[in-house]
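Enquirer: Below are the structure tokens for one structure; questions will follow.
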Amino acid sequence: MNHVLREPAHRVSPQAVPYWRLSAAVGDVVLVVAAVVAYAVIPDVPGWTLVLVLLVAAAAVAHVVLMPRIRFRVHRWEVTDTAVHTRSGWIGRETRIAPISRVQTVDSRQGALMRLFGLASITVTTASAAGPITVDCLDAETAREVVARLTAITAAAPEQDDAT
Amino acid sequence: MIPAPGDGWSRLSPRKLLLDPVKAIGQAIVPVVVALVGISQSGGRFGWVILPVAVLGPLLFGALPWLTTHYRLTDTQIQVRRGVLNKNTSTAPLDRVRSVDLEASLLHRILGLQKVEIGTGVDDDRITLDALAAADAHALRTTLLRRREAPEATPGTDADEVDGPVPVPVAAPAELARIDWSWLRFAPFSLARLVLLAGAVGVLSQFGDDLPIWNEETARSTWDWVMQFALVAVIAVLAVGGLAVWLVVSVTGYVVQWWRFLLVREHGSLHLTSGLFTTRSITVEEAKVRGVEMTEPLLMRVVGGAELSTLATGVEDGVTQVLPPCPRDVAIGVGETVLEHRGPLTDPLVEHGPLARRRAWLRQIRESLVVIAAGAVATWWFDLSWWWVGLGGLALLLVSAAVGEASYRHLGHALAGDHLVAGSGLVARVRTALETDGIIGWVVSQSWWQRRIGLADLVATTAAGHERVLVRDVRLEVAVELADAATPGLLTEFLAETA
């Protein structure tokens, strides 16, 4: 009998899709424009570099169109009474689990662009530098509730052993 | 004498007044001499003004730290106050003291001083007292470490009795290891010092440019001379010479670093002392030691040597080398004593299988292919001989295949008692054993390639050592089983059965 980790219970906010799309587009547009300008400005470039520029543009379009959808399918999170469990990634997968009894800080973050879409991220840290768990792109209301709940649970925990 | 709890503020040792100015002059001597030479060449009228300033300046600046640094012990805390305008007080609760390290440079030792560093379990936040008289430093160390375990302290032994340079411990310290000069045979096989040597050669070659022997004519006549004799003979002489230099440097370095090395266990701590010129005395609280790491570098393995480090929380970088390069059995013995378990360092590891081996090979070969491609482009660009690309590429591929196979053989994992054991390393064989109590979370990551063949990287996060222990390229369900077994209960609610 083999066991695997089931996926965490909750999806992130659907607003995350346009947010990821916009932030990916901003970066990709800069890259493509730079490539096109370089192609146009530098004199006597060989013909095959045009193919290169077109490839970059195609990759950028694919990135903007596909990445947010896949990411939305992959990203999941769950906070139980004993542990925090997340899954993230779009090409790769990363699953993180940390016991609530070892949680040291709970931060929430909302960038300017995220505010536009009503999103917020939560980061939970433990005593390990390798262990922070980030739940990306919850809707702001849920994020507030989760932070409040996590803070309540960690505050209620008895004299905790954070393994330092 | 160190202050008793409740006493007022004490200063550091007055001998610091000698230490700091000497150090300050040492640091200032080059700019001062340069300034003096410059001034004397440009007329020399101000020389008599500059000289006293140049001498008195360092003296005054050197005296400042002694005048402005105070420390005291209260019943619950150690406090250090420093600064003139910005008063800065560092405080550490005594029951939070995790480590007390002593260090003395040659200058410290001539003056009978010790630098004391007190670690409190918070990384990067150590209290430094530079410097106390050696006896005081030892007394302070004993007091701090004993106070931490005050409840168990035997009645009748008082901190006041401890006055001499050698502390009188509560329980007889148990010796774990002491230097055995037959271990010197491992010194030439430990390449860590080679980096320093390369640096020194680099510095020397800077001066080499200025030497008269390196003009073109001598270079050409030297070349002719070299070609007259057999090139092979010259290379052989150079190689033998290099080896001889390396032997001397590595053995000297080993002796200087590990002179009078002694590792004992006392007051619930591991206590290491060593050093010929600069003496170090490092203390790690055993309750904070969450595991050990045994490293067998490629060359050392040929002669059966190994190194051992403890993985602890609350120490500056978490990884403390507690043994010099020494026989593998010694490293294992000390490691097992520290872990208080047999097995983690000797048990066979679970292998990760043919898919992991393929990935280990491909990872190395991919890297060498990139290098070969770069070489091919350069060859095409500069119109060089393709022979070199072929030969170099072939050699590189063979080496990377060998490294890939080695890195696979080092790979593995085990759950030995209550320790998670992970094998890793490319050319060095590294075995990391981490107490499962010290695990504070899991990360399972899969790249796209790993997902296609069902492998995963499992990371146990921890506050000790490198903050993470990686089990690379293990089958996903094995990874989940391992994590579940190492931290029972944590994963239970997230488990699902596969068909």
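Any Cβ shown, glycine's included, is placed from N, Cα and C.
What TrEMBL says about a protein is an automatic prediction, not a curated fact.
Pulled from TrEMBL, these are the listed features:
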DOMAIN    A:73-148  domain 'YdbS-like PH'
TRANSMEM  A:20-42  transmembrane segment
TRANSMEM  A:48-66  transmembrane segment
Enquirer: Can you name the far-off residues of the same chain, 6+ from the ends of the transmembrane segment (A:20-42), with a Cβ under 8 Å from a Cβ of it?
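Expert: Result: 49-50, 52-53, 56-57, 60, 63-65, 67-68, 71-72, 113, 137.
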Enquirer: Taking a Cβ cut-off under 8 Å, which residues six or more beyond the ends of the transmembrane segment (A:48-66) line up next to it in the same chain?
Expert: 21, 24-25, 28-29, 31-32, 35-36, 39
Enquirer: Take the domain 'YdbS-like PH' (A:73-148) and count its residues per DSSP category (helix H/G/I, strand E/B, coil), listing them in that order.
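Expert: Across the domain 'YdbS-like PH' (A:73-148), the residues distribute as 19 helix, 36 strand, 21 coil.
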Enquirer: What average pLDDT does the predicted model assign to the domain 'YdbS-like PH' (A:73-148)?
Expert: 90
